[in-house]
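Database features (TrEMBL):
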- 12-36: transmembrane segment (TRANSMEM)
- 15-100: repeat 'Solcar' (REPEAT)
- 140-232: repeat 'Solcar' (REPEAT)
- 240-331: repeat 'Solcar' (REPEAT)
Amino acid sequence: MSSVVDDVAKEVFTYVNLVHAISGMAGGMSAITVFYPLNIIRMKLQIDDNLKAADPFTVAKVIAKEEGVQALYQGWWSSESHADPWKLVVCGLGVGYGAYFLRPTQVVSLGASNFVYFYTYNAFKSIYKKLIAENPNVTIDPITNLAIASSAGVINVFATTPLWVAGTRLSVQSRKSEDANGPKPYNGVLDCLMRIASEEGIGALWNGVGPSLMLVSNPSIQFSVYDRLRTILEKRGEPITAAQFFVIGAIAKAVATVLTYPIQIAQSRLRADSGRKDGQPRKYLNTMDCLAKIAKDNGVAGWFKGMEAKLWQTVLTAAFQFLTYEQIQKVVFKAFRIDAEGH
């Protein structure tokens, strides 16, 4: 037994897995920073029934007019002020990632999530190749790859859901909530996490974990499609270009998004559903109750509200993320003169 544990540990705690995790984290944080306004628009459309405009650019104008242009970056860094968007873009492209953990919001939620997912996903692939298939060069079939990606997704969900809950609350709270008669706004992620646990119970930190577990299928589909497309391109015997990485990343995310979008609607609403304030019950009981009430109020079309903004946001973000991820790991592996297998 100890021998098996030692063998697994050798495949889990490796320099190669760490490079993949850091590359994925950096790629995701850079991508969400560049396309963050689309993330705000998408969440507003999914959560706010008063926003009837389907056009994300129209919604952006409404947000900018009512709350200021800086509101398009609300929750990126902190809820207590709206920083200069251009400074945010510059910072997000690579300056001081570690500092974000002092006041983590949406950008660090994604960074932490990507770190956990990329590390776990690559560790599981390594374990399968070397300990189960006993062939480091084996090509993982689509079904096995989907199972590996799903397992990594489950671990990621339980580890990072509290950060996503806080990030969602910070991003959707309006400046209007800062009025004396409105609810007291959250003052950063730590205050948000502590108040949620205190006012709503510690279980509220995992609001939306049900649809999040269902949405494990999203990155699972995404990574499986991406790996399959990458394998097809590699078989040509020519190096894959940066533009091709961008395109296959976009295709993979588009497929995953369209297939799982109704569950993402439920996830956003459950995360934003604070409830239990002034004795008020939560609006939604669970994922199915949420979807049923959306359908009752807005029809089945309500399940796809904001999908245009979601596709713009996720497809561009994922494409940029995979492009950055591939380039960073390539540079690091080349600098240390090792291949992706650690040789």
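Cβ coordinates come from backbone N, Cα and C, glycine included.
The helix, strand and coil residue counts that DSSP assigns across the repeat 'Solcar' (240-331) are 73 helix, 0 strand, 19 coil. Taking the repeat 'Solcar' (15-100) as a whole, pLDDT averages 68 in the prediction. With DSSP classes pooled into helix, strand and coil, the tally for the repeat 'Solcar' (140-232) is 74 helix, 0 strand, 19 coil.
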